[in-house]
Amino acid sequence: MEQKNGSSFTGFILLGFSDRPQLELVLFVVLLIFYLFTLLGNTTIIALSHLDPHLQTPMYFFLSNLSFLDLCYTTSTVPQLLVHLRGADKSISFGGCVAQMFVSLGLGSTECILLGVMAFDRYAAICRPLHYTVVMHPRLCALMASASWVIGFANSLLQTVLTFLVPRCGRNKIDHFLCEVPPLLKLACVDTTANESELFFVSVFILFIPVALITVSYGRIVRAVLRIKSSAGQRKAFGTCGSHITVVSLFYGTAIYAYLQPSNNYSQDQGKFVSLFYTIVTPMVNPIIYTLRNKDVTGAMKKVLCRGHDSR
């Protein structure tokens, strides 16, 4: 690994997986394949949501927002990780590190809130079907999506500023493959208990308010579905929520592990692989989950493919 002159270099060294050189080539190939599938899958969801009139509904408006988020999230971290896996230089500039943390944390926070909004959309569709188009008005959908982005990036701004204000006394080797809050706080040369407490409570706010909304929404959905006498009707109602519940479980499970466990229990190796999971695996499987479990999406895909074939 190429070293930097400490007197002139003001950035950071992302150690990543440099202690396991035999693993770097394997990770490079796997992550490159996953990244390409992530780009393909999420771009397909966005394109179908705009091309098929049947998918121009609140549910698919939010789903296309989620796909755009996932595209941006993986692109904010994975290309640089791929470069570092195949090169000796593992450095990142100070500004690059700040920008990476701000963007990736902002997108992750936005996704937390957006998943809660999507749960409310499912509640309105199943529990208030006759008033669904009135409740989920396009202006309200746009407002809720915009609020998710604004709150997500406001949280990121606060956490990024608090993290980079901590004195590091020249320490610049980050035992991670990206600029993230927990490994950066480990570089501090002062007691970070107060900082960790502040960041913990901010994370709790961003994570658990959407979780509360999801829990309440699905609690009412379950009660509404159980009142349906037809078993076919129950399966159809639960089927429209199954994809969202799966995505929520994957995203929140890894986010809670990464950000809400005590720092003295934080394992860097485990943290790296958990970060790999929510950085590349979750964004890749989201389109698969929504496509395989959704007849509307698969039907729209067949129509677009048939239209393209007929045009030849």
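Each residue, glycine too, has its Cβ placed from N, Cα and C.
Fair warning: this is a prediction, and the values are worked out from it, not measured in the lab.
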Legend entry - Stated TrEMBL location of transmembrane segment, expressed as one of 60-78, 79-97: 60-78
Legend entry - Proximity of the transmembrane segment (140-158) to the transmembrane segment (60-78), 3+ C-beta pairs under 8 angstroms: yes
Inset, instruction - Report, as numbers and ranges, every residue of the chain located at least six residues beyond the transmembrane segment (98-120) whose Cβ falls under 8 Å of a Cβ in that stretch; write 'none' if there are none. - result: 59, 62-63, 65-66, 69-70, 72-73, 76-77, 80, 92, 144-145, 147-149, 151-153, 155-157, 159-160, 163-164, 178-181, 184, 206-207, 209-211, 213-214, 217-218, 244, 247-248, 251-252, 255, 278-279
